[in-house]
């Protein structure tokens, strides 16, 4: 065994529980605000210290508003001391006792005068400082709060200890397949990765993604001003493909250039699965401390997203100001199930990597909110309002807006070494409802997963939904009694349907969505659903089905996808998505998505690798195909695995 921090991959750290520090930074406006606040304080102070102010205040405030309570009545905030709260309770007890009203009024006025005198002194002291001194004080206080949050662990609850075997004993080291034909195909997929990486490095190094046709950088608004998405997303793929030089140059870029101190509004979901997930995975594979440090740093910056009345996080967060909001198009200002439901795996690992349970607490609270809600027909709607903690529209999808929530329920169970019984129950209850209300067969026998809108079905299945074949198969071993073979078969049927969606196009790559209505089966009928953006979900399901069944058709189908990518998506400057998979002449979208390197090529590589490369009993793939080891509580089992 060897540790994450010091002694072994045995991780049972103490951490501090609490909300993150308020994010603030000094600007000229802030200095002006301080001056204005001091002026207002002086004005109020003058009022309170006028000779007849007590009569004025007693008539206007205390006599006419008996419910108005002194400050001690309010719930102490995060910065309040325990002794302050105790003093407030004592004062309330004294004030509630019967006595002289005039004396009580005089006590209230004396307390207010004392508070204002203190405020006047603080305002005067602040106004006497130079702006640089004020800025330094603010930064020092901010740093102190941050250090308290992450370092001062005394007296807080302990995380349960977990154990990890050394990576070189659990399949992170690759071996060549014995079969020459399989070896040749796998080598071809590695060459595809080299082509994608080489051109990204040549034309877009340090940018988020590559424009392979116009040969430049591409940056999505999903990442704000954070750069390097392709570098971080590709780290573990480079590692498992034994591309050592490329991995080392990527690591050097992370050390020197990956910067989260930017004024940027980001997608919490996308930054979590790509950046946090990619960094954690790279850390577990390589042991390089920089990856752990950067992952935790970014995790801390995402914590303000959870500062909502329900604790359901915002979709978008400015990581400088800590201000969050939801997508303007989301129903009723709601958060999205697939986004807030796809933080669990990474945040559980962040708690162990940092020694701080705050990350685990945040995602476990999401579970609590969901479990307290009534589910229509046992289903989870895609939209939940973070202010009310209630569902918005009753729209249910296992594709976009819902997909990875269900994936993370199953994988939370598996990642916990099958100790997270709550996740297991939620997963199997959910897929039982999905099978009852959403899964249907077409006239010609294709099994598909429709979308549910207030009780009515839309007979459409998205490319994103195709991950579900692998999910059903992966969870089959732990299914209720007598259901294991059923879920394996269901996974195989979904895989077949998604293969048909590929096979029925001109380029043999599938559309964004396909339909089962009007006599049409597994074909996109709307122009805005005919594109392909190098998505991985179909080959992801092939990978799981191959690993769990070893049916050779999954390798055959995967190789068909490789050939189609080479023929239709490969250009001199990398790989591009297509605008129309039914069109005989390629129309490129000119984006090499970072997930093409993180997911699509990784899954293809694993299909043509032996099963002992990243065995499923030891590794969990996050929804961006980043590798997270199982957190075992059984030390003997881990030691035996290590042997």
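The backbone N, Cα and C atoms fix where each Cβ goes, and this holds for glycine too.
Within the set 69-107, 108-146, the record from TrEMBL flags 69-107 under the feature region 'Disordered'. From the options 9-29, 30-50, the stretch TrEMBL describes as transmembrane segment is 30-50. Here the CA atom of residue 537 (active site) lies 5 Å from the CA atom of residue 466 (disulfide bond). The active-site residues in question are 270, 403, 537, and the one with the fewest Cβ neighbours inside 10 Å is 270. Neighbour counts of Cβ atoms within 10 Å were taken for the recorded positions 466, 512, 623; the minimum is at 512.
The Cβ of residue 498 (disulfide bond) lies under 8 Å from the Cβ of 463, 466, 469, 510, 537, 538, 541, each on the same chain and at least six residues away in sequence. Closest to residue 403 (active site) in space, going by CA atoms and restricting to the recorded positions 270, 512, 623, is 623.
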